[in-house]
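A.B. asks: Take a look at what TrEMBL says about it:
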- D26, D28, D248: Mg(2+) binding site (BINDING)
- D26: active site, nucleophile (ACT_SITE)
- D28: active site, proton donor (ACT_SITE)
- S59, N60, N61, K223: substrate binding site (BINDING)
Amino acid sequence: MSKPVKLSNASDYEAFLDKYDTFLIDCDGVIWLENIVIPNLREALSLLRKKGKNLLFVSNNSAKSRKGYKKKFEKLNIEIYDGEIFGSAYASAYYLKNIVKFPSDKKVYVVGNVGITEELESEGIRYAGAAEDVKFDSTDWTFANIKQDPEVGAVLCGFDININYLKYAKAYTYLHSNPGCLFLLTNDDPTFPAGGSIFPAGGTIAAPLITALGRNPDAVLGKPNKPMLDCIVQKLSLNPERTCMIGDRLSTDILFGINGNLGTLLVLTGVTEEKDILAENARIIPDYYISSLGDIAILNT
């Protein structure tokens with residue numbers, strides 16, 4: 001297996017940029033680390049735009065909608081334009097509306113938070129669950145409380161800070177009793193880094209449902225899965241041969257690019273280290289790598 005090319009000088013940088021018109025860019029670990037912007041990042045993004053490159057920020061985090069992400073970009077003083085954000089919550093809503101043609105007379109039962117419900121609303125998709133099932137008093141509850149809503153035609157599961165047994169019970173019942181009910185995940189990441197530690201992510205939230213049902217989801221919308229790229233390609237008329245995925249995780253970002261026949265650039269400001277891609281037994285190899293996306297601005301000077 002060939003080794004990745006390290007971008008280390010201006011000529012490397014120019015040759016790399018000439019190959020692509022569009023860059024899909026992960027957020028956490030590439031643009032920022034929690035609330036700290038990567039050094040020289042703003043200058044690098046500005047330079048890419050000046051060269052006429054199209055930018056799309058692609059995240060697996062379903063806790064935020066496009067509106068929520070835009071607020072974070074603005075809070076961190078990072079230039080962002082409408083249409084430049086494509087998170088797993090929006091990918092899920094777009095997939096339902098435009099790929100599977102979800103019937104307008106049906107609802108989606110949501111295991112998740114406001115990021116998901118805001119995106120479903122943006123696509124005109126009705127939903128149940130989410131915030132309405134947050135309050136759960138186990139001392140005054142019986143299984144008779146689980147009422148079937150015949151309008152529910154899909155269960156969409158993502159990161160849910162308010163997960164409880166009631167949500168699991170309702171989601172399971174819809175999927176178990178109705179073989180035609182779609183089972184979708186915004187993403188299947190098992191963990192995510194925050195506050196100097198690692199915590200359970202969307203894939204972990206969905207694991208009890210997968211175990212109880214004894215079946216896999218019908219689709220997972222986050223990276224590295226193909227349905228997310230299908231949505232991006234359809235919405236933006238993307239040319240994969242002129243598109244590069246930039247990320248810090250091999251198992252999500254880089255594999256997403258490989259699965260979609262995109263170019264791939266790994267940055268070393270997140271979870272992956274240089275030794276991980278140069279090892280003899282390395283299995284996921286990017287086309288290129290760079291210490292930081294901010295280095296693009298430095299290499300151009």
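Cβ coordinates are placed from backbone N, Cα and C, and glycine is handled just like the others.
Give me the structural setting of these features: burial, nearby parts and distances.
C.D. replies: Shown in sequence order, D26, G29, V30, L266, V267, L268, T269, G270, V271, T272 are the residues of the chain, 6+ apart in sequence, with a C-beta less than 8 angstroms from the C-beta of D248 (Mg(2+) binding site).
For D28 (Mg(2+) binding site), the same-chain residues that are 6 or more apart in sequence and have a Cβ closer than 8 Å to its Cβ are E34, S59, N61, F192, P193, G270.
The Cβ of K223 (substrate binding site) has 30 other Cβ atoms within 10 Å, all protein chains considered.
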A.B. asks: Which one, from the binding-site residues S59, N60, N61, has the smallest tally of other C-beta atoms lying within 10 Å of its C-beta?
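C.D. replies: Relative to the other binding-site residues in S59, N60, N61, N61 has the fewest Cβ atoms within 10 Å.
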A.B. asks: Around D26 (Mg(2+) binding site), how many other C-beta atoms are within 10 angstroms of its C-beta?
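C.D. replies: Result for D26 (Mg(2+) binding site): 25 other Cβ atoms within 10 Å.
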A.B. asks: What are the other residues, in sequence order, whose C-beta lies within 8 angstroms of the center of the C-beta atoms of S59, N60, N61, K223 at the substrate site?
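C.D. replies: After dropping the recorded site residues, what remains is D26, C27, V58, S62, G87, S88, N187, D189, G222, T252.
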